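Asks: So TrEMBL lists the following for this protein:
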TRANSMEM  39-58  transmembrane segment
TRANSMEM  78-96  transmembrane segment
TRANSMEM  111-128  transmembrane segment
TRANSMEM  135-154  transmembrane segment
TRANSMEM  186-208  transmembrane segment
TRANSMEM  324-342  transmembrane segment
DOMAIN    334-617  domain 'ABC transmembrane type-1'
TRANSMEM  373-395  transmembrane segment
TRANSMEM  449-468  transmembrane segment
TRANSMEM  474-492  transmembrane segment
TRANSMEM  560-580  transmembrane segment
TRANSMEM  592-612  transmembrane segment
DOMAIN    649-871  domain 'ABC transporter'
REGION    928-953  region 'Disordered'
DOMAIN    992-1271  domain 'ABC transmembrane type-1'
TRANSMEM  1117-1145  transmembrane segment
DOMAIN    1309-1543  domain 'ABC transporter'
């Protein structure tokens, strides 16, 4: 052997390292032994040493510890030991047998080979106990190491077996051989033992280790298999098979889902994010903020710092959520980025292999066949590797997305509990919920693409580099085209962005308006105002659609550019290439390698603009979230808790505002320990504000507020959660039966609970919809009493209840002998009656305390308080007994004759009037029902029908206790009817056009490629320029055909879908507004609203995209099959089995994925409804200091949503891996058949393989898109479902037109044996009621709660339809006319003053048919004129959502003004006088008496004076009329129920 020519490696081995003739230029390829023993062994070893860092990372990150020894890890350890022994033996044997005395020289390889192996095995061995100790069940690096080692040892097997047989030949030849084969024999044996052991290790590494003993989180029955799946199972997602199978067999339900991986749960994600957020916030302050410890996760508590900081901290800028996101989730993201880098590199290896295949076909005769097969297999292996790595990459990215979403939702939730009132004013609840629903969601969609930011330029760069090698400088021409296209796209993208922002704005507006419409739907129905609001919504919708339409044109433009781009680029490049130089000829290799490179280019080029628009949208979202998270918070230090102060509650020299002008000034209040302090004053004098100041809800401008001890708060408008009655009262505390029952009795709730269908386990609807105002108020009070706090702030808790109930509550709870006697209490009240029993009184006037002291002192002062009392008494609302009490109190102070006079007069008045629908608290069958109240939301009697049925209801308890029907998530496939419905909405013409245009587009594309093949194979072109130009021209023409059809094939479905979206939305809106009231009672507003926001958005924006992509993908796959079959017809044989595989994967996937998506969307709404509930009740939550509990609830809901979300992400990956393997098989067969099938035309081979290379992605997209269509069509299904709900009677009927304009002229109302029930299947609430009211009569209706008073009015307006009998007005049966005809001719002043956001004018006259003078007249009569005059905008004064910026009294007066404007012959007054302060009440009474003199007035009464001067009284009991006569007549008859009521109330 000539030493001098050898390389260092040759010297190292003592034999040749690389021999090309032996390995490449031969029909029987083989490696040299030296190569087999060095390169093929060291490659896996090097791999392991490089990537072992990941194994260390997994040890560190593991949440578990201590896997017990078991068969698997013991076997691993033993086999590994065996390997260590073998390698050590190799080294020892080499040192013994070679070198030294023996004639065999000792080479470096003999020493270093075993050492390197030994070191590597040792490292692997160390990890066996380490992984066991740290609970790591499987490791990827080791699996890959053993896999590579085994595969790369296979060539050596062949070599060793061959050598062995040669040795046998020599030994068999019987010649006395001089040679000693002992070393070779030893190597043979040792290698095969080594090979067996590595194979065993590979097999062992296919399985995961046992379950760890210690885990940070409890591992349940339902643990996700992924946690204990092996590496192999993880990369193939084989652990998901069970779920896919289950989902295929029958629709998945929530119980089938696995628990969340601990790493993704709130409790792991939040502390990390909070830590980085707080760091970031601190950086934003110039002055040194105090250093805080790392965010600790104590009992699930994560604190977020307030970016607004102390008032003095000067702020540099907004704290952004981006840096904390990078820091918290960047690690996983970077790892994903690394994978992306791998796949990008692999992508570019494919065209190189393609060029080898083409040149192989060109030189068919010269090359040995094994090379062709090898190229095909190589192509397959590259594609497969790419598949697996991409699968992991997407999986990682989705996890990051999920975690970011979790972090943001939770951060937003925690912030919402702390925002100050001025912040709250800036945005409505809907907008805040949108931050969570839309903006946090955006991140999830973005993370997958984010790596394209660097990956796209990289891919473009590499593609250009390889193209340069093919075509030289002419690539620059193509590049120029691309660069020109980018700014054009940029312009379009920025236009799209402006449209998008505009569209978001319209969407917000529309959803906000819908929210109000749905919340106030009952009032809209009573007033027959739906058309006006429907028009408002549709107007916004039209603007939204117009914006979407413009976007559609722009999108089609972009698509036109992008489908043209690759083509233009290739056209320009090829043209330049052939035109610069006569000698440049296109041959098959150049053409197809360039084409497949251009195809690779197409992806990053398409992605970039998409990514940019996505980034832009996310940027908008980031800004919205930042603005919210940086908004001002309540100052936690505005209320001190200084126990050294003498009194538990005090305000000294306080000045407070609600963010704009000062509301309260010079406030000095002291509440002594266990004393009761009353705050009195007229409407709007700032009583409630003082309570808010104590809670720290107002902005404190000056002074000191101090509270010591645990607070309880009863707000003026009760805040009730969507939970059971009991949960509402316990409010998170443990259930103590004795205490609970005591509280229930004291708060007079016993009777109400007995009436409810499931007792105190009845579920209360959203906002307490199925309770009356009084019941809500009492539950709210019971919650406070049960909480057993030290300090009580009671904001007018007695306003919504009847007088006797109020008295009972005062005596049992609030007063000096009540449950709370030992506590310190602040009571805001309107009633005078209880004031003598109060320890001290503060009188508020215009936001200042005008006087304070005990009752006696104030009466003596003859100041504001005395006026307040006089005015109060003149209204004569008090009962005689109470007046006597006041009289005694006043006379005992002496020297106040004019007051005494007033009292005497009031007593006389009370004697004549006295009579009430109340029943005394003591009477046995007492049912103090919730008296109605102004502040009552929608009243519904269905749960409290009547006592008689209460017993029978007990049995149905469990069923009926659920009021809100659980949201159905449909199961199984989406019916064809839904698709048909959608296609009908799109329109037949556009649907067909879309299909045809796409077909033509593909035809052009295949045409241009086949034309290229023809050109590349044409030998004549080289010397004939004319021919060349002809080829070029036709090729160009094909291209322009493509561009043109692409534009329209994009536009058609976009416009079609928009048309459909419009049709669907208006149908949905029309039908929801026409749904009967019962639907709104049983469906939470949030659920209907999500149809209008989420589902409509998905029809607006997702459907067009998805449909377009799906059709495109389908055609693309067809095209691929056509092209491959053209070039190698035998391919058709393989298509059938492959199609089967494909179909199965797809069916399994779609069934599972669709159901998962449905479950996910059902589990998503509770997050948002809980959130909006929290936002509305934030002040109560803060007062009780239970924020942490609510945060935990929210976290639990988010986790539950992730439980549904995570499997659907995995389902995508599971499918992708399987489909891409199908695609890779297509690649394998296309290239194998091309190589073996004797196809001699290199152009066709190039074409078919380059098409096959694209098919993987396309197949994947096709299933993804078809299932996306299925998941998004669910939105159409849900809209359709609501669009087909049962409708109420028609609004307008033809025969209505003949009725006179001023019908009813007399106002005669007649009930004939009338029966009604609230919903199908419930008992009757009115059972055969008959009476007749003459025109112009004033009738009072009395009866206890649940007697059917409200049902009477609802029936009159046909909100609930008759079950029997009839009602006629002026002799016309009301069932025979359109609802609007009826409702617009009756007037009602409803219980709750519902106002809508918009101008005051719209609130009074939404159809804008009245003149200004008429409106001012109505305002004057309803005593609002001076108030409206004082407003800057007058009639155009903007009223905020729900009328928040008017006081409750003013809202009530606005309702009166509405009634005056409408002024019809029949007026219904529904408990409208129960809870206004007495002034307002008086105003309303006077106005009604004068203005509605000629009308028929039906009053549902609560206080006696309201009905004493009426002509008749109807006494209802259990749905039947017991008495109907004039009040005097009834009082003269001592047997009448009316008389006994009056007697009960000590009035006769």
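Here, residue 1 is simply the first one shown, and the rest follow in order.
Glycine is no exception: its Cβ is also placed from the backbone N, Cα and C atoms.
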Asks: What stretch of 78-96, 111-128, 324-342, 1117-1145 shows the most Cβ pairs under 8 Å to the transmembrane segment (39-58)?
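Replies: So the stretch in question is 111-128.
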Asks: Could you tell me whether the transmembrane segment (186-208) and the transmembrane segment (78-96) are in contact, taking contact to mean 3+ Cβ pairs under 8 Å with a sequence separation of 6 or more?
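Replies: In contact, yes.
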Asks: For the domain 'ABC transporter' (1309-1543), which stretch among 334-617, 649-871, 992-1271 has the most Cβ pairs under 8 A?
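Replies: Answer, by Cβ pair count: 334-617.
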Asks: Is the count of Cβ pairs under 8 Å between the transmembrane segment (324-342) and the transmembrane segment (592-612), pairs 6 or more apart in sequence, 3 or more?
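Replies: With fewer than 3 qualifying Cβ pairs, these stretches do not touch.
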Asks: With pairs fewer than 6 apart in sequence excluded, do the transmembrane segment (135-154) and the transmembrane segment (449-468) have three or more C-beta pairs that lie under 8 Å?
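Replies: No, since the transmembrane segment (449-468) and the transmembrane segment (135-154) share fewer than 3 Cβ pairs closer than 8 Å, they do not count as touching.
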Asks: Where else in the chain does the transmembrane segment (1117-1145) make close Cβ contacts, counting only residues six or more beyond its ends and a cut-off under 8 Å?
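Replies: Contacts of the transmembrane segment (1117-1145) (Cβ under 8 Å, skipping residues fewer than 6 from its ends): 1002, 1005-1006, 1009-1010, 1215, 1218-1219, 1222, 1225-1226, 1229-1230, 1233-1234, 1237, 1239, 1241, 1244-1245, 1247-1248, 1251-1252, 1254-1255, 1258-1259, 1262-1263.
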Asks: For the transmembrane segment (592-612), which stretch among 111-128, 373-395, 560-580 has the most Cβ pairs under 8 A?
Replies: 560-580
Asks: With CB pairs under 8 Å as the measure, which of the listed stretches 111-128, 186-208, 560-580 comes out on top against the transmembrane segment (135-154)?
Replies: 186-208
